[in-house]
Every structure is written in structure tokens, then in C-alpha cells.
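Peer 1: Before I ask anything, let me first share the structure, which is written out below as C-alpha cells.
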């Protein structure tokens, strides 16, 4: 059985990590390269960089950053945010990103999923889905959760797999940033609809929440602030999960 993965997410703006971190032993906690290296050294399984600037003129900064990160870390890393076309996705992968995460662009042009998958393999395509319940149904939202697409989550999950995605990054809009726990109802809803790995996102606040996400059917759990502010220690989290019967990678912990 594949090990469950713990993923740290970094919001990057103009080549710097924003939303703050609390690592006293880092010279510069705003440097994504240094922070990425640090996370890879303490046992985080994967990194996600979200480019929240995501404008054309700032793209060069992100490309240079991806190259630097690729040289420094030895864990998979995904880049998302503002990837609107095949050219941008392609350039990020060629510069060293292991995967790209697409969201709004995939909804507006689903053929983009297929193009990236055919060129670089399904494993390089993560489709990020932001969803919440509307009138009793899980519905897909785009533009950072602002636009209700009217597309039902169940239909989009099936199409995403059919189009060639390798993974789904499932974010509960209602849980994001609350630290109230992952939306296990949504994870359980999506699990039987797809064979793709599901990354749970939105709501991590304590170690039990990771366990709940995995028990609900998630293959990976993503978090940001609980790691950045050291509210949860990666070693303790993995040992806790192992103790509760979850298969996690313990190599590389420190």
C-alpha cells in the first residue's frame, strides 16, 4: 500500500513566501528556496508553491525560483497559481517543477488537462478543485472560490480523470483557514467517484484532523500555517499517524 503523504503549502508572491513562517533557525523565512530545503530536510513528503501574484510580468520570477528550488530539494514539488495555458505549464515543468496545479484554467478549457498529460504524463498534472455545498449539492467554484461555476463536483471529478489528470487537490472553501478539520464529508463523497489520488486541503488545525482525512479516503493531506508556525511538528505528526495505523514515510525525519 502506498504511503500517505504530508504536503506543505507555501504562498509565494514576487518570489517571496507570504503569510509568514515561524522558523527561528532560518536566516530568511521569506525565501522559498531556503524554506523548501528546510521542509524537505525535516520529513515533509512534498511541497506545493502557489504563485499568488500570478501576473504575466511576474512570471519570470517564478520560473527562476522553480529552477533554484529544483536544485536544492529532493522531494517532489508542485507549482500552481496563474497557470492559464499550456506554454506556462510547460515552461514550469521544463524548469524543474515535478507537477503543475491547474484550477480555473482547467474548468474554462478542460483540454488543457489532456495537453499537459499527453506531453509530460498524467503524474505531472494536478487539478485543484475548490468546492462547497450549495442547496445540498457540492458545487465547483473558480477564481479563488469567488465564482460559482454551477458545475457539480461529482461531474467535474469524473471529467478530470477522463481528461488525464494524475491527482486531485480537493479544497473545501468553507473549511479553508478555519483549523476546524478537513471536510471529511466531501472527501468521502469524492472517494468512490475516482481512482485518482486525492489531496485533502482546507481546515488542518491539529494532528487528529490529518488522521480523519486519511480515514475518509484521502491519499495526502496538505496544510500551511500549522507547519509554518510550528503548531504541528512533522515528526510528531507522522509518529502519531503511524501509531494509529496509517502508513507514512518515516525516513528523513529529524
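Each residue, glycine too, has its Cβ placed from N, Cα and C.
Since the structure is predicted, the reported quantities are computational estimates derived from the model, not experimental observations.
Copied straight from Swiss-Prot:
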- 11: active site (ACT_SITE)
- 130: active site (ACT_SITE)
Peer 1: Which residues of the same chain, at least 6 positions away in sequence, have a Cβ lying under 8 Å from the Cβ of residue 130 (active site)?
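Peer 2: Set apart from residue 130 (active site) by at least 6 residues yet with Cβ under 8 Å, we have 103, 140, 141, 142, 144, 145, 171, 173.
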Peer 1: Could you find out if DSSP has residue 130 (active site) as helix, strand or coil?
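Peer 2: Once the DSSP labels are grouped into three classes, residue 130 (active site) ends up as strand.
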Peer 1: Suppose we draw a 10 Å sphere around the Cβ of residue 11 (active site). How many other Cβ atoms does it contain, all chains included?
Peer 2: 19
